[in-house]
Amino acid sequence: MTASNWTLVMEGEWMLKFYAPWCPSCQQTDSEWETFAKNGETLQISVGKVDVIQEPGLSGRFFVTTLPAFFHAKDGIFRRYRGPGIFEDLQNYILEKKWQSVEPLTGWKSPASLTMSGMAGLFSISGKIWHLHNYFTVTLGIPAWCSYIFFIVATLVFGLFMGLVLVIISECFYAPHPRNLSEHSEQNQRSEEAQGAEHLQDAEEEKDDSNEEENKDSLLDDEEEKEDLGDEDEAEEEEEVDNVAGGVDEERSDANDQGLLTEAIVVQEKVEPEETKGDTTEHPSADTEVAEDSLRQRKSQHANKGL
């Protein structure tokens with residue numbers, strides 16, 4: 001398996017082994033793996049292997065951290081096989097479908113995800129740097145410290161170059177505004193602030209005016225209530241004065257009536273001796289009748305005044 005044909009595992013059923021030539025554990029399982037690969041047709045499964053030294057990108061895509069590493073793939077769904085690399089265990093894993101009980105690699109952990117594609121790129125770059133270091137030290141015979149200095153300088157130069165590229169891109173997409181435009185924008189901002197302050201002042205003045213009008217209305221209402229109360233008090237006082245004056249007039253009229261009655265009685269007593277003794281019945285005199293009539297008229301007048 002290589003970085004160019006690894007997409008074949010997205011179809012059908014596969015078993016993959018990641019190894020390195022220098023790994024002792026990988027070497028111990030080589031014969032078992034070869035036997036399992038020869039029986040792949042019988043098991044109706046495809047078998048492949050990946051050299052992590054030659055294909056660091058695939059080791060990054062599958063996030064291989066230990067060797068040897070085994071993976072099972074079924075129609076693009078990947079699972080990690082953590083059993084021993086013995087032929088019988090591998091064969092039972094396929095025949096008994098033990099892979100169904102293993103949790104698949106989904107989401108960002110899937111080798112086909114965008115995250116793992118980026119990881120594959122990083123591992124590919126690191127693999128190329130490692131190969132270049134081996135070329136300097138083994139093939140050319142350059143000391144290791146010289147190779148390290150070379151990579152340090154190359155990293156700094158590459159960083160400066162990428163920074164320059166980013167600055168140029170930002171300048172292309174974001175053009176600076178002229179000074180006149182900035183001054184115009186400042187003036188507009190100041191005018192907007194001034195207008196906002198004027199609106200606030202107007203609102204405060206309107207509030208003050210409304211409060212003053214409400215206070216005036218409340219004062220007028222209080223004065224009208226006081227005037228109404230004063231009118232009511234004056235009317236009550238006038239009624240009391242009228243009642244007192246009516247009582248005084250009644251008392252005076254009663255006193256006059258009593259005086260008239262006493263005068264009439266006195267006159268009658270004087271007149272009675274002069275009358276003839278032969279009269280058997282008593283008749284009231286004309287003066288007493290006049291007095292009584294006048295007394296009745298006055299009482300009726302007082303009663304009308306009271307009404």
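Going from the start of the chain as shown, residues are counted 1 onward.
Even glycines carry a Cβ here, placed using N, Cα and C.
According to TrEMBL, the protein has these features:
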- 181-193: compositional bias 'Basic and acidic residues' (COMPBIAS)
- 203-242: compositional bias 'Acidic residues' (COMPBIAS)
- 269-286: compositional bias 'Basic and acidic residues' (COMPBIAS)
- 297-307: compositional bias 'Basic residues' (COMPBIAS)
- 12-94: domain 'Thioredoxin' (DOMAIN)
- 181-307: region 'Disordered' (REGION)
- 148-169: transmembrane segment (TRANSMEM)
Helix, strand and coil totals (DSSP H, G, I; E, B; other) for the domain 'Thioredoxin' (12-94): 32 helix, 24 strand, 27 coil
Local confidence of the domain 'Thioredoxin' (12-94) - pLDDT mean: 92
